[in-house]
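Notes for the one structure printed next.
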Ligand code: GLU
């Protein structure tokens, strides 16, 4: 009886999930047919032992994300502190960040602890099998950019990813060939060693605890797990963690632990990154990927190196923008867009009015035209970064915008084809002025689908962020990093002290989302919560099209209306449609000396302050 009930719930969820995950911008999970009666026949005949009841390591009992009608709740997402704030797309993880800072850790210690913890309780967006990038501002005024993006393995040549006609064969998306060499473990530990103050054991303890004791499955998480039903059929190792004793995806309210991942994290905590890159964890990765035709070797893993680059810097109305250089395109185009917007009195435009949408989307088109032409791993191609981020260049670009008519500009390529929308961003700031913005990812939800046997973590499918077009600057090449859009950003006040810490997931919608958030705070003097909640608009190409987001409940006043769409159509905008994405978990330093963090209500974001 119990099984039957769960099956019905699961089937209903799977129908709902397509809508819900599409609403979150999740293009990864395509299954809409999870938990069919046929596939559940096995569950009818064989009942496994009940898994033991668990009490989650961090309680989220006082946090509601969705109301009775299914609307995302926008209240209870923020926290203000005189000392420090941590904000992630999981409440548990924000609690981890605040706990570390309360124990005397700085923002970097907190960020590293949060990074490891996110891989456990938001396993579908990031983890040890993935990579990321971080922008750090330290209290002495120095800025750093840490690149722990994945690298294409030495044997990952283009021919493995295309058919005889040169068309993509699907290998960038799932299975053993889809993964780049993961950078997360090395990246987080590098940051800790260089800019943190605590020991590995101290910052990894919370993640290990969550992996052992479990975390509570939210509505959002349940949808993600359920939507991966077909993937879990194809790559059954992940069933061990994310399915219950009746062979069905865990539902909302369940508590999931992951003892294999706890062991993996413990080993890294005891022995350091070498345990991952040179020891038995690495060997398990190589062996598991090989079973699914992967080509990653122990040599690829041993060679993985974290890089530091100069962050890209720009200015917007006197505020300083510090953000991500290649291998991400994000920071560069964030600055280019803001530089273009500087030519307009944005503050006088009503948000999401025809004039506002037109100005932003034309700026996005110009940035995307440059992106397709110039952006790739700078170890493989020269990128004119200074030009792309210069105000003068942006002023010239702005002249191309006709205030009355949408631009038709030929695209050298459509970059949206190369990226997907499933990642995580978190921000930490302390009152001393140390701030960390990290965006990290395994790319699609649950990455390539491959869980490393006995180790409990999912492998990335970051190879899908490359182009399979041999003429693209971002074409697959061994040893190269795929182009990203991730834009972890720190905004400084004119006096050089921190103002905002921001970023978001959302694939190629990332930097235009960040630009809108920053502009709303600076140009419209909005609260951070409103700046995050007001619906956004996007154009992720230089083609004549436009996406807009439906408003969250309570933000009707800023909706893109039928009238606005009619006016935009009159101005020549084509292909206007709805879309969604993002989880802009950000921090603002207030004038009264306090710090406010806001978790994005579109996912499970919630800030926690240190008291
Ligand atoms: N893999 C994408 C990138 O690196 C991020 C995907 C996402 O944000 O969801 O830009």
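Cβ from N, Cα, C; glycine included.
TrEMBL names 441, 442, 443, 465, 484, 485, 507 as L-glutamate ligands; from the candidate set 77, 149, 200, the record adds 149 to that same site.
Annotation note: residue 442 (L-glutamate binding site) sits in a coil segment as assigned by DSSP. Less than 6 Å separates the Cβ from ligand 1 in the case of 507, drawn from the binding-site residues 149, 442, 507 in sequence order.
Reported as a whole number, the C-alpha separation between residue 442 (L-glutamate binding site) and residue 423 (active site, nucleophile) equals 7 Å. Residue 423 (active site, nucleophile) sits 5 Å from residue 441 (L-glutamate binding site), taking the C-alpha atoms as the reference points.
The full span of the recorded L-glutamate binding residues, 149, 441, 442, 443, 465, 484, 485, 507, taken as their largest Cα to Cα distance, is 14 Å. In the three-state DSSP reading, residue 485 (L-glutamate binding site) counts as coil. Non-local contacts of residue 441 (L-glutamate binding site) by the CB criterion (under 8 A, 6+ apart in sequence, same chain) comprise 125, 126, 130, 131, 132, 422, 423, 424, 460, 462, 486, 505.
Under the three-state DSSP scheme, residue 507 (L-glutamate binding site) falls in the helix class. Taken residue by residue with DSSP, residue 149 (L-glutamate binding site) is part of neither helix nor strand, so it is coil.
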